[in-house]
Each structure stands twice: as structure tokens, then as C-alpha cells.
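Quick notes on the structure that follows.
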Amino acid sequence: MIYQSPTIQVELLEDNIAKLCFNAPGSVNKFDRETLASLDAALDSIKQDSNIKALVLTSSKDTFIVGADITEFLGLFAQDDAVLLSWVEQANAVFNKLEDLPFPTASAIKGFALGGGCETILATDFRIADTTAKIGLPETKLGIIPGFGGTVRLPRVIGADNALEWITTGKDQRAEDALKVGAVDSVVAPQALEAAAIQMLKDAVAEKLDWQARRNRKLSALTLPKLEAMMSFTTAKGMVFAVAGKHYPAPMAAVSVIEQASTKGRAEALQIEHQAFIKLAKTDVAKALIGIFLNDQFVKGKAKKAGKLAKEVNNAAVLGAGIMGGGIAYQSASKGTPIVMKDIAQPALDLGLNEAAKLLSAQVARGRSTPEKMAKVLNNITPSLDYAAIKHSDVVVEAVVEHPKIKAQVLAEVEGYVSEDAIIASNTSTISINLLAKSMKKPERFCGMHFFNPVHKMPLVEVIRGEHSSEETIASVVAYASKMGKTPIVVNDCPGFFVNRVLFPYFAGFNGLLAEGGDFAAIDKVMEKQFGWPMGPAYLLDVVGLDTGHHAQAVMAEGFPDRMGKSGTDAIDVMFENKRLGQKNGKGFYVYSVDSRGKPKKDVDPTSYGLLKDAFGELKAFEADDIIARTMIPMIIETVRCLEEGIVASPAEADMGLVYGLGFPPFRGGVFRYLDTMGVANFVALADKYAHLGGLYQVTDAMRTLAANNGSYYQA
């Protein structure tokens, strides 16, 4: 053994080829500080052994290296620039040491080689992947750029255009695609991987392959004619900005770094990367996006833990077909859990099956599935008009019409057809789980399971704990949601649960602006372009449906009359009473049609303005800051109330619920990250300016205390 540490082992193989194996404790290899220090020490040991003629890098895991240890990032990025620069330079010195070894090097890549893992393989002369490999630099998704030489080496290996696409999108690349652009030299079967890498090194040692020429190319400036370079980078800037926009600076910074470094050798090029990396690491956007990544890991970790208490779900059922039932059936079946789709009407079953078939056909058309897989998934969906079909179901999801009496009747019926230990969940967005539980003989095996529409696109599922729901029930539904590919958050029962409870105060702020003559299209523009929502409040209400919004608003008003009760008519009432239901009937705040390419199109409709003018008078302009404050303050305070009341368990789960359930702008990180970034005291001062607008603008006592103590919701 040449070198051994808890994360890396180096041994000498036949023909004096050294093998460096990444073997960290745990299921995957990460590039944390310990691994980086071990790699540095291992390379020193390798350099001192004069017998070594070549080096192969391998992994003992199913993956090569999944990337840096992101849990270290927020603490590290909070350090002074000088400390951060020192860390980046030390890390890069290790990668340079690997690249500068006096003999050929190769990486044998299986599974993921992402971020720092990808930058490791780029520092070797040859890269051999097996068919399971996925390679990429996802750093721009975290609001930063590669910091271990990725922006320098990748363009010199695969060309500027390809590197720009890889880095600015942050997408993983399959082994075959990596081979096409020259990121890897060969793709082999998993069992042949190490032998293929070693053979390539033998050929290099025997001078059949020119490893030094390959290395020199990475150490030099990019060989790109001036005009071609100018066109390439100008085009990239336009395309990247069109996708990333002004709120996500990292992709544009990556283009700029690659352009500036293109005429430099390695040392100068790395310095350009370092400076840009440090600048981005200090941004609020990086903190927000890294926070989302960590919150996602936290929520998934809780779901994994819940799996230990969960009843195994091998068969499921959904009651109520149609679009929602079909979406749930598709999601369950496509992730491997057979499901019965039960309804009382054949046309509804047909609609549900057609919905599943449509979603599967779209997957096949995009090349993400095959007709054989589609057939297998459809065979996992059993339509039935008879309750007898659900008797072996481990979990039954009730998804009938959103009406308390109908749901209660169906829930009482279904209990008589399933096993004693079957779990029943209601897919409801507004009806109290405790109320519905009254119709159950065994309320302990009942909870809420709120899917968001469209089911196949929306990643969030709210699992609602009733006062009688058992831990096994909650754990089982959380585990089933995870198995379906969803991100579950557990919330306690209250009107609107978590997501709708915090959404409707936002709509109330919007209604307040319109009642004073606000222009709904102007408000949407501010909330989309400046705050960063995917849809402004008027557009979102049209998508949700004004009938749905009208009903949910009434539920919220009844549940929280002191804050959400309303006197008189508001804009939602105006649209609903005039049968303007939104996208579903082609007219709401906006009017909807189909363009010449068959794509849905929305336009401002003078009729909407006329109706609102009749109700609220002439239009009045509001400043952008005023629009943002009046819509967001109620949502933020209600989110804080949910945390304080224990409706949601943590800031992390609340923020994930907002990002995944409502499309809260990821670059802001969620309400609690937004509050920490703004400063709780600054938010309290802002909210107090609007306190005269009513109960939704009243800051809680606990918030005031936190503000007075200069506290924050996250510890990092």
C-alpha cells in the first residue's frame, strides 16, 4: 500500500501502474475538506515513489464522486474573501499537482462524476467511462461557477461551445453524449472499466498514445481564431441571458470567465476563475440556491427516516378518476407501484386512462421512454367501477370532488372494502382532515395527501396529519409519496393546510391593490419581472381557476375571520360572478386562445378592466416596491405564523413547500431565507408601515422579539 486514509487508498498494480481509489465512509464519495487533504497527501506519496509509471483513479462505490460537500459551503462562503481565496487556491494546487504528475494518468468513471468529481477527471490525461456514467458541472444551479478548474479545463478538452453549454445549463451528460464531444475517450461495459483504463495507460507508457500533447493542450490558451471566438461568446451571452435572466448571474459569469480565460495559460486562467467564484459565492442568490439544495436534502432525509416506520406499499388505489385521478395513477404506476383507479362512471375512468396514456405518449415522443415501457406502466393501472378491486390495496387515495359530504360518504364506504391495516388518504386542498376523520371508524389510519396540479409536474405533496393520524400512517404516506418521485412535507391540519393558507393572504394583498384601482396586468408584470414569480397573482388565479379560488377564499375566511374575513366584493368575486373562471373557460382576468402554432396564448381583455372599473373605480398606478410589499407581507407573516403554530415543522420544510408548491422564486430561497437576507428587523419595520391595512399586515410578537435580538431563522 502506497498510501491509506479513511477516504483514499493507493496501491501499486502490475506494470508499476498505481491505483488511487476514492473510498469514503458512507454510500458516496464527496469532495469535502478531508478528501481534498487526503488527495494532496496521496499525490505526494505517489510523486515520491520512483517506480510508478502511470496512475489510474477509481472509486469503490457505485459512483465516482458526486461533487463537493455542499454542507460545507454556507459556512465557508461566509468567510472573508482572503480566507475563501486561500481555500480555492489550495484546492486548485492539489488538482494542478494531479495534472502535473510526470507520467500518464487516467480516470475510470462509473456512476456520477459531478462538480469536483468532474473537475478531478478533467485533471487526468485520459477518461474512460462505463455505460452507467453521468458527467457534469452543476455549479451554476447553485448560483456559483466551477471553482476547481472546470471553466479552464473543460473548454480545452471539448471546445468552447460545448463547454459553454455544459457549464451554463449545469446538466448531467450521459456517457455516450460525453464521448461524442470528447469529454471521455471510451465507453465500456461496467465489468470492463478498470481493465480498459489500465490498457489505455499501458499504451500511453509505450508511447502509442501521446499523453503529453493532451496535457499541453489543457495548460495552454484556447486555440480559437479571434473572429470565431467573438461570434461564439457573443452568441452564448445572448442565449444564456435569454434563459437565465437577470436574477441568476452565475451562467452569464461562466460565459465571461471562459471568454476572459480563453487567451491565457492555466495559471492566469485559474486566477480569473478564482475571482469570479469568490464574487458569486458571496451573493444572496448563491446562499438561496445552496440553501434550497440543503433544504431538499433535509426534507428527503426526513422522508427516508420515515420509511423505517412505514408500512410497505406494494399496491395502491385512487378513488375518483378524471384528470387528477389519472395523474395520480400515472405517477404511481410509472414509479413502479401498481394502482387501481376506481370511479362510479365509465367516462371518468376513460378520461383518467386517457390522461395517463397522454402523459406516457409525451414521454415516448421526447425519447424519455419506449412503447414497451409505456405498455408496462399502463398495465400497472387497473380501471374499475367496483370497490372489490381495491381490497388488496395498501394505500387508498381518495380524490373525488372537493365537497365535504361527498368525501365523507366515500371515505366511510371505502373502509368496508379494504383490509384492517390499509391506509386511507384524502387528496383535498381545503377540507379539514379532522372533519373528514369523523366519518371514519379508524381515524388513526387516515390522513391528508394533497397533490398539486398538474400532478406529473408539481414536485410537492403535502401530507396532512390529523389529530388521530398514527405515526405509521404518516410515515407510510410520506414513504409512498417519495416512492412516487415526489417531495413530501408533513403539515398539521388547519384551514388551507400550509400552502393554501399562505397563498391566500398573498391574493388578499392583490385584491386590496385592485380595490384601490390597481392594474392587474401591471401588478403581474412587477411580481414576475422584478420579484421573480413564474406567474403574477392575476395569471395564477386564472390558472388555478376563479371558481376554485372563490371557494378556497371562503374556506380561509371562515377559518381565519380576524385576518382573512372580508367585507364587500373583491376582484375574485367580480370575476367569479361574471363567469370568468380563468383558463378553464378561456376568460378570467385575461382572455385565452390558441396561437397559429397551437400553443396557448393569453391577452389582456378590456372586458376585465371594465368589470373592475365598475366595481372599484378608475385605474391608479402603484410603485413597484409598494406592489411587492402589499402582496408579499401578508404571505410572509402567515408563513411565520404557520411555523410558530407548528403547522409546519421547520423553516427548511416551509421554504421547500413554497418553492416546490407555489413556485416561490428559487433565487430568493423561500420566505425564511428571504427574511434572513433582508434582515428580520428590516422586514418588521417595513410591515409596520403597512399595518394600517389590517390583520394580515400585523407582525407577530415572536417576530418582533427575533428582530430585537438581531436573530435569524436559519443558523447558517
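Backbone N, Cα and C define each Cβ position, glycine as well.
Pulled from Swiss-Prot, these are the features on record:
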- 1-189: region 'Enoyl-CoA hydratase/isomerase' (REGION)
- GLU119: site 'Important for catalytic activity' (SITE)
- GLU139: site 'Important for catalytic activity' (SITE)
- ASP296, ASN500, TYR660: substrate binding site (BINDING)
- 311-716: region '3-hydroxyacyl-CoA dehydrogenase' (REGION)
- MET324, ASP343, VAL400, VAL401, GLU402, LYS407, SER429, ASN453: NAD(+) binding site (BINDING)
- HIS450: active site, for 3-hydroxyacyl-CoA dehydrogenase activity (ACT_SITE)
Extent of the NAD(+) binding site in Å [max Cα distance among MET324, ASP343, VAL400, VAL401, GLU402, LYS407, SER429, ASN453]: 20
Distance in Å spanning the most remote Cα pair of ASP296, ASN500, TYR660, given for substrate: 20
Secondary structure of MET324 (NAD(+) binding site) (DSSP, helix/strand/coil): helix
ASN453 (NAD(+) binding site): secondary structure state under DSSP, collapsed to three categories: coil
Mean of the pLDDT scores, which run from 0 to 100, over the region '3-hydroxyacyl-CoA dehydrogenase' (311-716): 95
Among MET324, VAL400, VAL401, the one of these binding-site residues whose Cβ has the fewest neighbouring Cβ atoms within 10 Å: VAL401
Which same-chain residues, if any, lie at least 6 apart from ASN500 (substrate binding site) yet have Cβ under 8 Å of it: SER429, THR430, ALA552, MET556
Reduced DSSP assignment, GLU402 (NAD(+) binding site): coil
Local backbone state of ASP296 (substrate binding site), from DSSP in three classes: helix
For ASP296 (substrate binding site), the one of GLU119, GLU139, GLU402, LYS407, ASN453 that lies nearest, given that the recorded positions are compared by Cα: GLU139
